[in-house]
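Chemist: This is the structure I want to talk about, given as structure tokens.
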Amino acid sequence: MKLLVILLFSGLITGFRSDSSSSLPPKLLLVSFDGFRADYLKNYEFPHLQNFIKEGVLVEHVKNVFITKTFPNHYSIVTGLYEESHGIVANSMYDAVTKKHFSDSNDKDPFWWNEAVPIWVTNQLQENRSSAAAMWPGTDVPIHDTISSYFMNYNSSVSFEERLNNITMWLNNSNPPVTFATLYWEEPDASGHKYGPEDKENMSRVLKKIDDLIGDLVQRLKMLGLWENLNVIITSDHGMTQCSQDRLINLDSCIDHSYYTLIDLSPVAAILPKINRTEVYNKLKNCSPHMNVYLKEDIPNRFYYQHNDRIQPIILVADEGWTIVLNESSQKLGDHGYDNSLPSMHPFLAAHGPAFHKGYKHSTINIVDIYPMMCHILGLKPHPNNGTFGHTKCLLVDQWCINLPEAIAIVIGSLLVLTMLTCLIIIMQNRLSVPRPFSRLQLQEDDDDPLIG
């Protein structure tokens, strides 16, 4: 009974808090540090990020989508869709119908992005709201004829400080107000490719810089008076795994390059056959024991990577740490793109703000779950998506959430309370029961004679 009262009272308080703050427009800043592997948090020191986490929430592993590349996963974060659904299926793509090509240097055609509606477009279309972006993939493209009110054209030479200055200026002073903003930074991905994630000396230096940037971000938000009312999510698109020159898969040793066109290379190679598809497949399937070769229709269902015309007829997937090359060596000591079930491919998520609990840790969510959570925070109606809002409820202060250990504890506690109450009721009933009054045995008149003569 006491437990029920407490739960009801907590619900009323939560509801009151939610209602009392509803007059303030919710604001959300989404930050991505490209290639931030989840276990970097355990293997390196991050004083600024750990302070951020102590005052907010941490999701230790975010299971991203296959293929675990930059453009596809950044679009999954903001649409809640698998790659086959939102259409950005790789960093390099080819559309057989239009004959168009997509790459990181040729990504401005809305054709590639229009199969989905990212959250900044949905937010931008609301009354008295606007969106802002500092180089998040796709934000400098007019998607469904809509672009953010404030954005920066992508230029990797622009410093983090300049990007941060613009984003905080737009969040602090714009009309209509910026209620959703994104900020993207290329590290630690670039250094992860160069050194490999197991290079402690170099990665320690790089990750310290990342932590300092997070400290700068928090300090700037506090200085501008944005910190207490702004929801901030820090996450990434993928992790990184160690590669080496002795783990190469040379396609030229297996098949003549004139038999196919290579759309995307490693570690997931997209093959467009120029001759009979089956013949190309048969030549490739025995190329290496460290590479899986799939016809498009045979790609495992768990990848959600079949139902899009931009996915090529044959897909090659290298084992973790192996690199697919064309008769040449690889300069990369780190890479990503591999099977999304691998922990090395997973990023993390940390969040702080009025929408989030404080000091809460959660083991895992899916990257597509971030989108419905962000829509909830901003009060937006989400477009159809592959995410599950229930997976993120435990992170949010306005949601009642219970996990399995807590459920077991509540059941056991409830049974103990009920048992104690039952015992108390029985004891009280026994104490309060009225005893029968004492009375002498009444004898009949003829019973006055003695029984023994």
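For all residues, glycine too, the Cβ spot is worked out from N, Cα and C.
The signal peptide annotation in Swiss-Prot covers 1-15. Annotated topological domain 'Extracellular' per Swiss-Prot: 16-407, in sequence order, evidence recorded as sequence analysis. Look at Swiss-Prot and you will find D34, T70, D237, H238 tagged as Zn(2+) 1 binding site. According to Swiss-Prot, the feature active site, AMP-threonine intermediate maps to T70. As annotated by Swiss-Prot, substrate binding site applies to N91, Y154, D189. Swiss-Prot lists N155, N166, N276, N386 with the feature N-linked glycosylation site. Residues or ranges marked as disulfide bond in Swiss-Prot (evidence: experimental evidence): C254-C287, C394-C401. The transmembrane segment feature in Swiss-Prot is assigned to 408-428; the stated evidence is sequence analysis. Here Swiss-Prot flags 429-453 as topological domain 'Cytoplasmic'.
Provide an account of the burial state, proximal residues and distances for the features listed.
Modeler: Summarising the environment of T70 (Zn(2+) 1 binding site), the number of other Cβ atoms within 10 Å of its Cβ, over all protein chains shown, is 23. In three-state terms derived from DSSP, T70 (Zn(2+) 1 binding site) belongs to a helical segment.
Taking a C-beta cut-off of under 8 Å and a sequence gap of six or more, Y154 (substrate binding site) has these contacts in its own chain: M135, P137, D140.
Listed in sequence order, the residues of the same chain lying 6 or more apart from N155 (N-linked glycosylation site) and placing their CB within less than 8 Å of its CB are M135.
Taking Cβ-Cβ distances under 8 Å and a sequence gap of 6 or more within the same chain, the neighbours of N166 (N-linked glycosylation site) are A132, A134, Y150, M152.
Take the CB of C254 (disulfide bond) and look out to 10 A: across all protein chains shown you find 15 other CB atoms.
Sequence-distant contacts (6 or more apart, same chain, Cβ under 8 Å) of N276 (N-linked glycosylation site) do not exist in this structure. In three-state terms derived from DSSP, N276 (N-linked glycosylation site) belongs to neither a helical nor a strand segment and is classed as coil.
In three-state terms derived from DSSP, N386 (N-linked glycosylation site) belongs to neither a helical nor a strand segment and is classed as coil. Within the same chain, residues at least 6 positions away in sequence whose Cβ sits under 8 Å from that of N386 (N-linked glycosylation site) are G80, L81, Y82, S85, Y304, V368.
If you draw a 10 Å sphere around the CB of C401 (disulfide bond), it holds 15 other CB atoms from the protein chains shown.
In this model, the topological domain 'Cytoplasmic' (429-453) carries an average pLDDT of 53.
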Chemist: I need the nearest neighbour of H238 (Zn(2+) 1 binding site) among the disulfide-bonded residues C287, C394, C401, using C-alpha distances.
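Modeler: If we rank C287, C394, C401 by Cα distance to H238 (Zn(2+) 1 binding site), first place goes to C394.
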Chemist: By CA-CA distance, flag whichever of D34, N91, D189, D237 among the binding-site residues is nearest to C254 (disulfide bond).
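Modeler: So, of the listed binding-site residues, the one sitting closest to C254 (disulfide bond) is N91.
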Chemist: The record names N91, Y154, D189 as the residues that bind substrate; what is their largest Cα to Cα distance in Å?
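Modeler: With N91, Y154, D189 as the binding residues for substrate, the largest Cα distance is 16 Å.
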Chemist: Roughly how many Å separate the Cα of C401 (disulfide bond) from that of N91 (substrate binding site), to the nearest whole number?
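Modeler: Distance (Cα to Cα, whole Å): 37 Å.
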Chemist: Out of the recorded positions N91, D189, C287, C394, give me the one sitting nearest to D34 (Zn(2+) 1 binding site) by CA distance.
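Modeler: Going through N91, D189, C287, C394 one by one, the closest to D34 (Zn(2+) 1 binding site) is D189.
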